[in-house]
């Protein structure tokens, strides 16, 4: 039996879509030196090649893909979005605005200089910034702009063409810039990271190992009684001196949970909870021949939970003010916008931050109730909330503003982005509402993006040969300029206007570009994870601003003549 593959694919949109996705994802795993192509560019290249062979796909699939993607971007940004406006993130907000705003203005200028249409210009901006949200925002605004169908088709084809031609240029140039730009300034990143570490008492090690606390029991002997010198536990400050916390005492056969007024006596058996290295550093008066193995004394349930910061008595306060160790709990990680941050006593907590805390189950529960709630370890998505806010986003996108003879609509991209932000924000405040497991959110976001990329590539593929010959050289120049010049402007603004620490500044710059590979290079150069503080500060707001930039470039373009 002979099978005509071309007819088979043309007659089955679903089969064609998944063939494009599979081939594109395989291509995306290839590396050019140290740079991996990535899923987005892999799917786009395959779809452009198949589009040249006149394969096509239903545009409804393209629309659904971009809607799912942009909605999930909003959900991820929601927990930290408003805190960047209203709290200590003003510097990060300004950096993100400078990065995105300068790129937008430069792209508009180059588009007019080279005589491109809005499709090529917006696509070049999206590719140079390696930002799919720009592409999504511009495409949606074009579809609702009311231009003639032939012009719209050409603009959408050029949009994906510009993106495809400049994406790798933007990615590679930023990675090279991240490697060499720190060497062109007077302060090296390692020194800057160490300076922040000294000021804030941080661990600068980018590969810090996280251990769980363990419990061991010791019998109080004459040396330990002499060491305490009759002081109670509060006066001794056992944790400050040893790094361990006395969780239980057995005295005269009776188990008790000690308070700060307890005084250790000869023959007491004490259960100490602490990290392994803290036990190893204990004074010999604790350890030498004094360890005991008492099933009841050691029978404690040490748990590790992820606590989401929510309550007003924790939001806006510094990490040190929580005094976790005073409550017998140990902090392992601080996570913001899915970025692990250095454990810094001076970090101001935002709503939606996640603290990974270990300790006795009852104590961890008490701490969680005080500062927020324990993250739900569920694999079930609240589909009702997901669908309801998706509908709200579509309805917001239908709103149109009229100014004399000029009108513009909010569009699906901005509407869904806003609805997603609200769902993420409400989820951070109400633990039982709108829960979406991170794995499920990542899957929907990635799948939506890949479907969108497949659609735009198949639509634009037929004209790529002509377009490449006409504007290829111009695209190379424009891509480099739009990728690197805003980074330099952002550096000068952060270094000499905001006077930011260089390690934090370079992390924030990579966050404003939403480029994780470049962030890894900055962390390696600094030999520290301290730049992650800056990356997390700009990442959430940059995703939103980039989507709006895609909308704005289409709205502004006709007014430039």
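Quick reminder: no glycine exception, Cβ is built from N, Cα and C everywhere.
Feature annotations, reproduced from Swiss-Prot:
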{"type": "TRANSMEM", "residues": "8-28", "note": "transmembrane segment"}
{"type": "TRANSMEM", "residues": "32-52", "note": "transmembrane segment"}
{"type": "TRANSMEM", "residues": "66-86", "note": "transmembrane segment"}
{"type": "TRANSMEM", "residues": "94-114", "note": "transmembrane segment"}
{"type": "TRANSMEM", "residues": "158-178", "note": "transmembrane segment"}
{"type": "DOMAIN", "residues": "200-288", "note": "domain 'RCK C-terminal 1'"}
{"type": "DOMAIN", "residues": "292-373", "note": "domain 'RCK C-terminal 2'"}
{"type": "TRANSMEM", "residues": "383-403", "note": "transmembrane segment"}
{"type": "TRANSMEM", "residues": "406-426", "note": "transmembrane segment"}
{"type": "TRANSMEM", "residues": "447-467", "note": "transmembrane segment"}
{"type": "TRANSMEM", "residues": "475-495", "note": "transmembrane segment"}
{"type": "TRANSMEM", "residues": "540-560", "note": "transmembrane segment"}
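For the transmembrane segment (383-403), same-chain residues at least 6 beyond its ends with a Cβ under 8 Å from one of its own Cβ atoms are 67, 71, 74, 409-420, 422-423, 433-434, 436. The transmembrane segment (475-495) makes contact with the transmembrane segment (94-114): 3 or more of their CB pairs lie within 8 A, with pairs spaced 6 or more apart in sequence. For the domain 'RCK C-terminal 1' (200-288), the number of residues in each DSSP class (helix H, G, I; strand E, B; coil) is 26 helix, 23 strand, 40 coil. The stretch from 8-28, 94-114, 158-178, 406-426 that makes the most Cβ contacts under 8 Å with the transmembrane segment (540-560) is 94-114.
Confidence over the domain 'RCK C-terminal 1' (200-288), given as mean pLDDT on the 0 to 100 scale, stands at 76.
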